[in-house]
Structure formats: structure tokens, C-alpha cells
């Protein structure tokens, strides 16, 4: 049976360097290599900083994916191999943000959209993967609309920015000084740059690093020794250097407050602390440290875990609907082919009738139209009940019944494989491979002749 299978290398089992070593070449190369495998009918590749995932539609999924894992040089201990049902559930969980390092993050949904669109444009997807990925994107949106799984701050850096917004009622027109251009400092600066602030100043021990970040964000670089001169103009100071001593002392803050009446918010995200604790005693100063931010972050994580339960319920509901959709698609394929065959007979027999009548009488447009309507109506009425029965059987999962109908009426004779050989593979073989093209043509002709003989035998 041709279904979806997948292999997943993610942050859950693999280190960053292991994921990087498993990824060779560009996306085009991997997609092309996958799609031109004899037993791969459709494929999509998802590649982000935290995962490499391959989805294929194949009648020999296990052997195909194991061979690709070996080809990629990836150790099987860092890979999860999923069958059809597991692949669908994983994909929907991924789109919903449940598989991310930070539960509920939004970036993954955009990445799925972009990478699916890339594969679709490359021509490596078909009805089965299109249905799965379109459903995943829809579910990702639904989860974010119906739950609060992506709300609140879960990192210390984002919590610092949210806290500043809460205290001031927004950061519009505020001047912010960020001290420290390490990982957290950069994240804070980037989050601040998205706000409508008046100015952002980046101070760092290595001035060149401060200049690079400031240039990227449209801010101003400050030497660490010069921060004293910038404190009087700052509304918010966020410090996270990790230095073994205080960066901001009480004496420095008192000097900055001289002649000033507006509030100064100090947020210390360093460990050990960058700001002397006694500054909290000063008027018009509010000091928050990493412990305050951790409480906000943990509260958000707890909330997101609760929201994840709601997301799980949505996913289970959508998987049920997706399986019904796949079952209907199988019935629709059979019904479409059945109608096509019967309509071919209808057209041929109608033409015979018109020719016979024309031998004895003059047949005009009205008579021809009556015959056309008559045969059309007969076909539709004969097939109405079988159509209903086929759809019901599909929704009930009665695969055996569908297979019997398919064999009796010769509706599916390895159709997907013939189409793949005939269209995709032949058309995409590189120029100059005349022998390969001839071989494909010969294989296709042999198989098509076998199909015609099979149809003729059944009709006889």
C-alpha cells in the first residue's frame, strides 16, 4: 500500500553537529535525489536549525528511508522512523509547535509553509503529501487561534522586554541601553528593535561587537567605559555581561538621577549580578533581576503546557478528519476512473446509434442532443448507487471491498507507478541520457501493453 513515511532527525536525539553532518548539499540536490528513486512517488524535505525531516510516499518506505539514512551518513540512533499514522501525527504536532524546543513558538509554522511550497514548486509533491501539508498548515493556524500556546515570554530575554513594556505601558518613545552583546544581550536587543522605541544603545567590552549589533539594528554603539555618560538619558537599562563585578554601582545611578524626575527601570539579567542591589532603594528607580524574569518565564511555560493539552485535542480531532479525507480520496479516484470508463462506452455507443439512425433518417441537432441527454442520464442513474456505496465503504475503512471493486472493473493497475514513469521521471531525466530515456520508454510501453491486455481479457 502506498502511504506516507518519514524520517526525523531533531534536537530531541541529535546534537547540532550531528544534524549538520547529516545534511549534505543543497535542498535541490536532496529533493532531486529522493524523487528520482524508483520507489519514491512524492517527497518533501524540512530543514531548520533544529531538525532535518524527510517525508516520502512510497510502497517500500522502510527500505527507501533506511537507504537514504545510510547515504546521508546519519547514525540510526539519532533518527526516528515513522509510518503513515505516526508521520501524520508528528507533522500536525510540528506545525502546532508541540515538537519545538520552545513549545508553541511561531517560527516553525512559517518554515513548514516555505519548505512545502519549495517542494511543491519543484514538482516533488502530489495528492497525498499535498493533503497532509495543507492540513498541517491549517491545523497550525487553528491551534494558535484557538489556544494561547504561543502567548507570553518563555526566554529570559523576551521576558525582560515584556516586563519593560508592562511597567511603562509600552516602549514608544523610550531610550534603551543594553549592556552586554552576548547571546542573551543580542536577543534582547533584537526584540527591542521591533518596538517603537526612540533609540537603542549597545554597550559591550568588545566595541567592535557592539558596533556590529548596533549597525544591524539601527542603534548606536557605546564603549563599556562610556556608559556612565549615557545613563542620564536612558529610560530602560538591561544589563547581562556576566562580569565578576558590578557594572552599574549605586554611585553611578545616583549620579544619573541628579536633576531627573522620570522613572529609571533597571533589569539585571546577569549571573553573577551586574547591578548593585541597593539601587532599588533609590527614588524613581525600579530594579528587576533574573529571578523576577524567571518567574515570568516559568509561569508562561506552565501556561503553555496547559494550552498544549488543548492543542493535542485539536490534533486528534483533525487527524480523524484527515483520515476520512484520505479514505474519500481513494473512493473518489475509483469513482472518477469508473465514470471515465463508462462515459467512454457511452460516447462510443451514442456515436454508433447516431450513425445507424443517420443511415435511414436525417439526424439533426435536436435528435443528437436527445440521445446525448438520454445516455448521460442512464449512466448517472446506474452509477449513482455504486458511487454512494463506494464512498460509504471508504469512510468505514473497508479497504478489501474497495480493492475488489478496483480489480473487478480494472480501475487501478499500478496507476501511480505508470504515471510516475511516464511523466515525472521521463521528463526530468537530464539531457544527453538517451539510453536511459529509451529504457524508460521501453519499460513504459511494455507495462501499458500489459494493462491493455488485462482490460481486454476482463471485457471478453
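Every residue gets a Cβ built from N, Cα and C, even glycine.
What Swiss-Prot says about this one:
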type     : residues                                : note
BINDING  : 48, 49, 50, 51, 100, 105, 106, 107, 111 : substrate binding site
ACT_SITE : 49                                      : active site, nucleophile
SITE     : 90                                      : site 'Important for activity'
BINDING  : 180, 181, 182, 183, 184, 185            : NADP(+) binding site
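Annotated features, which come from Swiss-Prot, shown on the structure.
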residue : record                   : Cβ within 10 Å
48      : substrate binding site   : 17
49      : active site, nucleophile : 11
50      : substrate binding site   : 18
100     : substrate binding site   : 20
106     : substrate binding site   : 14
111     : substrate binding site   : 18
181     : NADP(+) binding site     : 26
182     : NADP(+) binding site     : 16
183     : NADP(+) binding site     : 10
185     : NADP(+) binding site     : 26
>> Using only C-alpha positions, which one of 49, 90, 100, 111 is spatially nearest residue 181 (NADP(+) binding site)? These are the recorded positions in the record.
In response: 49
> Which whole-number value in Å describes the distance between the Cα atoms of residue 183 (NADP(+) binding site) and residue 50 (substrate binding site)?
Replying inline: 17
> Going by C-alpha distance, which of the recorded positions 49, 90, 100, 106, 111 is nearest to residue 180 (NADP(+) binding site)?
Replying inline: 49
>> Test of understanding: give the count of other CB atoms lying within 10 angstroms of the CB of residue 184 (NADP(+) binding site).
In response: 21
> Could you state the CA-to-CA distance between residue 111 (substrate binding site) and the residue listed as 'active site, nucleophile' to the nearest Å?
Replying inline: 11
>> Give me the count of other Cβ atoms within 10 A of the Cβ belonging to residue 90 (site 'Important for activity').
In response: 20
> If we check Cα distances from residue 106 (substrate binding site), which of the recorded positions 49, 184, 185 wins as closest?
Replying inline: 49
> Hey, of 48, 49, 50, 90, 100, which of those recorded positions are within 10 Å of residue 182 (NADP(+) binding site), Cα to Cα?
Replying inline: none
> Within 8 Å of the Cβ centroid of the substrate site residues 48, 49, 50, 51, 100, 105, 106, 107, 111, which other residues of the same chain have their Cβ?
Replying inline: 101, 108
>> Nearest by CA distance to residue 50 (substrate binding site): which of the recorded positions is it, out of 90, 184, 185?
In response: 90
> Max Cα-Cα distance in Å among 48, 49, 50, 51, 100, 105, 106, 107, 111, the residues listed as binding substrate?
Replying inline: 15
>> For a quick check of packing: other C-beta atoms within 10 Å of the C-beta of residue 180 (NADP(+) binding site), how many?
In response: 27
> Do you know offhand how many angstrom separate residue 100 (substrate binding site) and the residue listed as 'active site, nucleophile' by C-alpha?
Replying inline: 11
>> Residues other than 180, 181, 182, 183, 184, 185 within 8 Å, Cβ to Cβ centroid, of the NADP(+) site?
In response: 186, 187, 188, 240, 241
